[in-house]
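Novice: Quick paste from TrEMBL:
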| type | residues | note |
| --- | --- | --- |
| DOMAIN | 27-433 | domain 'Major facilitator superfamily (MFS) profile' |
| TRANSMEM | 31-53 | transmembrane segment |
| TRANSMEM | 59-80 | transmembrane segment |
| TRANSMEM | 92-118 | transmembrane segment |
| TRANSMEM | 186-212 | transmembrane segment |
| TRANSMEM | 245-263 | transmembrane segment |
| TRANSMEM | 283-304 | transmembrane segment |
| TRANSMEM | 316-337 | transmembrane segment |
| TRANSMEM | 343-365 | transmembrane segment |
| TRANSMEM | 386-403 | transmembrane segment |
| TRANSMEM | 409-427 | transmembrane segment |
Amino acid sequence: MTARRVDWSRSLGPRRSRELPLSGRSALRRYLLVSSLTWLPVGLMMTSMVLLMTERGLSLAQIGLSVTVFSVVTVGLELPTGGLADVVGRRGVLAASAAFLAAALALMSVATTFWMFLVTGVLKGIARALSSGPATSWYVDTLHRIEGPGADLKPGLAKGGVVESVALCAGVLAGGGLPLVVPPTLVFPLAAPNLLGALAAAVLLVVVLVALPEPPHDRRSLRGVLREVPATVVSGVRLAARGPVLRRIMLASASCGVMLMSIELLTPGRLAELAGTAERGTAAYAAVAALGFAGSAAGSALAPRVARLAGGSAKGAIAGAVLAALSVGALAATAGLGGAAGLLTAGVAYVVLFVGSSVTGLLCLEMTHHAVTAAERTTVSSTVSLSLQSGGILGNLTLGTLATQAGVAAAWSVAATMMLASALLFVRMPAATGSSRAPAPPARSGSG
């Protein structure tokens, strides 16, 4: 297939005439840069977030409420913001996400009260919801315009998954080490990762505005935009509920959300128990999390090969889901081990788990984009993300109680069973009937 360049400036008028045409390689580079900068600030804040809140006087219950507010805001805004991106374009939504994230991390670095941290949870939730889907949709739409609707999405999406994981890994390592080297006289050490994250988010804002040319779309008034967003959202929900491919992917995403929450909720305590103290447990969790992100990057890189060896994306997703389920099962089976043996088995299982879940996630992402048209792409991506978040909330509400009453092994066993059952959703997966089988999207709009 011969690649052709897309000259956005020809259809954007004199005001945008200086923009250069995009090639597939250029679009991929920009997508990878935005993807890495989107997740770097998140990695930077991860390891110090709970400790910072604790040092500022918050109780565990207040910390939990702040995290819950973030999840609820994210879930509540997933579909509206996805519809907004499909109406007004990807670049504006991504820029708004970067601005909200920069504000959230800057505020967190100086927050001293529960209510200030609660506001940061709201801002982070808005940023997360806004960032769900537009960058990937921009890349897919751009590649379809360059190479046609039959373009192979797996290589670019796989590289996107790799750089996201690498950025998270780098952020976690930097965020874990920065408080140890920052002079206390200069800045509160635990606040330093958030300040650096705010700076990275500001860089992301500039990159999005400069490096992502928006495909041309009709000018609309604010009233028209607001009137069209609900219709776009309703269309996305109906499509996800009616389409057999999307319906299965949403259920699998919810199961994955339960599994991931079981890891995020129970692993820190388990590692603290194995390490002997909370401080050592925090360091162990930072190291294991970094290894997990490296495993996630490896899974994303391996996904196209797994799909080829398995005989298709659906069968590759089955392999990844089974591997992830077996890894969580291994965590449950070794929950009674202590000392170095317990740390080693937990670390290995954690890494392998993220390899498997990333393989499944990447292939689900490809199947999702092949099942929808350009006008529906970001909304449906947000619908799938909503399923993941909803599964996480379900896990947060149930697995913690189960672990308290019956032990972490029981909670991990439930999560492993759900993940293993989700592999059945990919058996005899129907063929996609969306953008991969449809005509190329019209040149006037890449955002619906």
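Sequential numbering from 1, following the chain as shown.
Cβ coordinates are placed from backbone N, Cα and C, and glycine is handled just like the others.
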Novice: What stretch in 186-212, 343-365, 386-403 has the biggest tally of Cβ pairs under 8 Å against the transmembrane segment (245-263)?
Specialist: 386-403
Novice: Which of 92-118, 186-212, 283-304, 409-427 shares the most C-beta pairs under 8 angstroms with the transmembrane segment (386-403)?
Specialist: 409-427
Novice: In the same chain, which residue numbers or ranges, 6 or more beyond the ends of the transmembrane segment (31-53), come under 8 angstroms Cβ to Cβ?
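Specialist: For the transmembrane segment (31-53), the nonlocal Cβ contacts are 62-63, 66, 94, 97-98, 101-102, 105, 108, 117, 131, 135-136, 138-139, 156, 159-160, 163-164, 166-172, 174-176, 178-179, 190-191, 193-194, 196-198, 200-201, 203-204, 207-208, 211-212, 282, 285-286, 289, 293.
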